[in-house]
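Taken straight from TrEMBL:
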ACT_SITE  Glu239  active site
BINDING   His72, Glu75, His166  Zn(2+) binding site
DOMAIN    62-263  domain 'Succinylglutamate desuccinylase/Aspartoacylase catalytic'
DOMAIN    277-349  domain 'AstE/AspA barrel-sandwich hybrid'
Amino acid sequence: MTVNALISLFNGRNGFLDHTLTVTETKAGQTIYPVQTVLEDGATVTLLAEGILKIEPAKPPTLQLILSAGIHGDETAPIELCDSMVTRLLSGEFTAGSRALVIFGNPSAMRQQTRYVDQNLNRLFGRAHVPTADERCLEKRRAAELEQQVRRFVLENLPLFHYDLHTALRDSQREKFALYPYVPLPQQDGHTQAKELPSTQAGILLASDVTTVLHHHKPQNTFSSWTANAFAAESFTLELGKVHPFGQNDLSRISRLGRTLTELLQGKLPCEAKPGQLEQFRVVHEVIKTSKDFVLNIEDNVANFTAYPEGTQIWRDAGTEYRVKHSAEFIVFPNRHVPVGERVGLLLANLTDPG
């Protein structure tokens, strides 16, 4: 790709991330979407909207891919990883073989280096966004825009993979782990069964140095759960370490993921693997803040995947409580400071040692 084409695509900025982080105050400097360029290999790259980039390979693809980062604006390592892959693609370092949508989820929060501006974007997918009493909520408008762009992008006749990349505020006893959305599959007896992790995705996770999988117990309003249930995508939320400011990430810690995602962008799949090669957990209890008097008996600085033995009281409120029912249950995403009615955390059982 020529320098002139790069400048044209990103309105004179240094790349995808620089363009997304730049606030243009003058009308003359604003980008008019869409902006499109054709690479030397014949691939078409289109900047569809702020933080949304579409890649169409020159040859007919066998795979379509959604890579999203920055759904929470302070989770910068995956953002930098995606920006690096886009830059390498545009510079001709590798050739696109898959259709791809690369998304920086919450540009306003990214610019402010904060998790979100008005509401948690990763709780707003699959809901009606506007018009409502909250139509001024920035994240509701962004969720509606992202859903619209994904609907326009997805083709029915191609496999769809979606990897929504995150980092966490707290330490974790498993640095990298995947959250696999719950997708109910109808059975002959009228009941439903959760979709199982396929060997293709087990191979992708292992190649990416992600060896732990958390299976959700019901559909969520997260980006990955929405794409999994709306489009039958193989979708994951990938947790990839801790939050750091832009420029302070050690991307070598997620270099294997970067290599695997680059191969997927090229249209290459790693070797399949048996799901049993992964450490797998399932959600056994979702902790909800039921009132202002709710008490969580977990320290604020506890690491994800900390284990609690059977009988431990996890929370109590107005005469009710929850105690660990398995030989051990593991906490992830504990946060006592959420509003009433929101999720405080998840308790997991280890599927390889159910207790």
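Backbone N, Cα and C define each Cβ position, glycine as well.
Feature map: TrEMBL annotations on the structure.
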residue: His72; record: Zn(2+) binding site; Cβ within 10 Å: 24
residue: Glu75; record: Zn(2+) binding site; Cβ within 10 Å: 27
residue: His166; record: Zn(2+) binding site; Cβ within 10 Å: 24
residue: Glu239; record: active site; Cβ within 10 Å: 25
Item to check | Helix, strand and coil residues within the domain 'AstE/AspA barrel-sandwich hybrid' (277-349) as assigned by DSSP | outcome: 1 helix, 38 strand, 34 coil
Next on the checklist: In whole Å, how far does the CA atom of Glu239 (active site) lie from that of His166 (Zn(2+) binding site)?
Outcome noted: 5
Item to check | Other residues, Cβ within 8 Å of His72, Glu75, His166 Cβ centroid (Zn(2+) site) | outcome: Ala69, Gly70, Ile71, Gly73, Asp74, Pro78, Arg115, Asn122, Leu165, Thr167, Ala168, Val243
Item to check | For the domain 'Succinylglutamate desuccinylase/Aspartoacylase catalytic' (62-263), mean pLDDT (0 to 100) | outcome: 94
Checklist entry - Per DSSP, to which secondary structure element type does Glu239 (active site) belong, with helix, strand and coil as the options? => result strand
